[in-house]
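**Q** Below, the features straight out of TrEMBL:
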- B:3-517: domain 'Cytochrome oxidase subunit I profile' (DOMAIN)
- B:20-40: transmembrane segment (TRANSMEM)
- B:60-83: transmembrane segment (TRANSMEM)
- B:104-125: transmembrane segment (TRANSMEM)
- B:145-172: transmembrane segment (TRANSMEM)
- B:184-212: transmembrane segment (TRANSMEM)
- B:236-260: transmembrane segment (TRANSMEM)
- B:272-295: transmembrane segment (TRANSMEM)
- B:307-329: transmembrane segment (TRANSMEM)
- B:341-364: transmembrane segment (TRANSMEM)
- B:376-398: transmembrane segment (TRANSMEM)
- B:410-433: transmembrane segment (TRANSMEM)
- B:453-476: transmembrane segment (TRANSMEM)
- B:496-527: region 'Disordered' (REGION)
Amino acid sequence: MPSLRRLMAVAVPMAMAAAPAMANGGTPHSQWDHLWGHVLLDLVVIGVVFGLGALWMMFRYRAKSPDDVGTGPKLTKAQAIGWALLPAAIFMADDFFLAAKGWSLFTVYRSAPADAMEIKVTGYQWYWEFDYGNGVVTQELKVPVGKPVVLRMTSPDVIHSFGLAEYRVKEDLMPGRVSWLWFVADKPGKTVATCTMYCGLAHSKMYSDVVAVPASEFHAWMESKVRQARATTDSSRG
Amino acid sequence: MSDFKLTEWIFTTDHKRVGILYLIGSLAAFGVAGCAAVYIRLNQLSPSGGLFSDPQNYNIALYFHGAAMILAFLIPGLTGFFANYLVPLMIGARDVAFPRINAFSVWLFFAAIVLALISLMVSDGPDVMWTGYPPYSVTTVGNTAFYVFTVHLLGFSSILGAVNFLVTILYMRAKGMGFNQMNIFVWTVLGAFVLQLIFIPVLASAVTMLLFDKYLGTHFFDPTGGGDVLLYQNLFWFYSHPAVYVILLPAMGVLFEVISTMAKNRVFNYKACVYGGVFGLILLSGEVWVHHLYVAGMPNWLRTGQMVTTLLISVPVGLMVISLWGTLYRAAITYNVAMHYACACLFLLLVGGLTGIPLAMTVLDLHLGETAFIHAHFHFVMALFATFSIFSGIYFWFPKMTGRVADSKPALIGFWLNFVGVTMTFTPLFIIGMQGMPRRYATYEQFPQFEPYHQMATLGAMVVVVGMLLTFYSWINGAIRGPKAAENHWRSKSLEWTHAPSPPGPGNFPGQDPEVAKEWTPYDYAR
Ligand SMILES: [Cu+2]
Ligand SMILES: [Cu+2]
């Protein structure tokens, strides 16, 4: 089985074969968490400044008597322009800063490592199917730890979306189109992939386990699966 | 009230009565859609589906809640009720430019509401969400035709309204009133209707193609016949993102009026708010729709380009926020129920707006998109913000409409219950959304760890129910036996208060047409 041999060949150096995209900053999902932390800080700072500012003014500027009127400044032309351009410049600086950070991680998300293992995913109403390309088709996604995995996805019926929260990825599966995403499991463990695009009655029941196992275990499992698959095709042929 | 004649209301062309008809219709839609929300929340009480574990009814409730809240409550409440009632009064006109077309629009709106309600009673109710994405909406046994025809009627009604109000604002202002003397609310209505006029035809064509695909066998969205499933999403959001500003703009406008009056202060940097804020939103609104398709396999360059345009939305919104906040600076604030709602709006806008920033960033959306996080975000920034703004406006102009005041103890208690309740409902959704809880889920047995958060959210919704009952009671009670209001009850400087009686009669302004001086502004408190 050549495809199996190919799998074995990449299995050994796998632990060290960290994808180039991961070389700086770890896995995509850990970089995601890092960026999220930055953005959250950004939001909290803006939120606290504006929130406390509003609260303070709400208390500070209560009318002393019913005839009180506000004495808000009447801006000169220069002040008015300044109060438009300066905030606009600050907001834009923050926007471009965030856009640059977001773009660079997005590039990581959209360039799968060349040595990635590819699995075909099909979304049906209402279950997932994972095709390893060697006759092995499962309804549970099993991946080896440390090996980047590319999911190539489509759907024959309606739109689904493959959401894998643990690895911070999500992409729609559409009839007539093939979409893809990639992730890498950095430690063994079990998590769940769920459909995140409304697809009808059992939309919320459309989920599968995603299991990351050490490479050796993965290959043992794959070998037995391949044997099984071959046995069923042989017997059906015979 | 004593000489009430039903036919006078049915055949009315008076913009104020048309406005009140819009208010009645949209509040009715709010009530039914609110019941759907309660049903949804009760369903989330436990991972297996709470009190009613019927996914079909749950999905129909989701559809109805979304469609009715956006299309039959928020948009008609703001661009139907407020725009109709206030714009002619604020600009010193005796009515809108085309009063009979105006009456036609409101009855189209009512026809749409009836159609939407019928869709709840047919056996194969629409289970297509308010977005109606194909191929699901085409292949489902659920009824898509009601959805399409409802959108058609509402769209037709809005386009007529748009033409009417643009003409009214451009040509029927009081003698002497320049553009820079208009109320911010009038500007925001102008902006909202420009957007409606440009973008509604796109939505109408998208849903019409859906109708053809489902019932006439065309293949616009069917790849097996050469169609494309993504075409619909592109068209739909090309309208529906600007629709967010059709809601946000007038909701902001209402706040500017309430806050400037209750703070007795001029609007801070009026021109930046109008020419930067309102105009900026109009310009940017059509270049950001791809943020709704970040996970839909769009080309990378498009996802990145529209990430930048989406982030830049913070500039016009930020300018409006600075004007709004600045209006509180060195103010003389008196608090009534309207001002309580307005102040709450500032916090809802802050939370909702800021949580939009990570969602604007494509790569962060690859995890956060389609989760409870986005659900909480748009409820804060659009649903809650605009609803609180509408409530603020209702309390504020209640003396104008009825000659009575609706402020009362139940009104104030209702406000606090509503504010605490919505915060309780939607804050937990941010947390579980961050951890991957998808939206539109009837059950969540794969995420049992989220149960307490969902229960907290449901409890919050129950608090809101009590708050809403008190609020509606305060309006009905206020209209019948509330204390009589003074002519200019909040001592505003805006024309609808200074020149028209409360409530205004036919023709709005007794005696001569209103005229304004060269230095007059509606925010002229400081003398
Ligand atoms: Cu699905
Ligand atoms: Cu949008």
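Backbone N, Cα and C atoms are what each Cβ position is placed from, and that goes for glycine too.
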**Q** Can you say which of B:184-212, B:376-398, B:410-433, B:453-476 has the most Cβ pairs under 8 Å with the transmembrane segment (B:60-83)?
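**A** Of the candidates B:184-212, B:376-398, B:410-433, B:453-476, B:376-398 scores highest.
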**Q** Provide the three-state DSSP residue tally for the region 'Disordered' (B:496-527): helix first, then strand, then coil.
**A** 3 helix, 1 strand, 28 coil
**Q** Look at every Cβ pair spanning the transmembrane segment (B:410-433) and the transmembrane segment (B:104-125), keep those 6 or more apart in sequence, and say whether at least 3 of them are under 8 Å.
**A** no
**Q** Which whole number is the mean pLDDT over the domain 'Cytochrome oxidase subunit I profile' (B:3-517)?
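**A** That stretch averages a pLDDT of 95.
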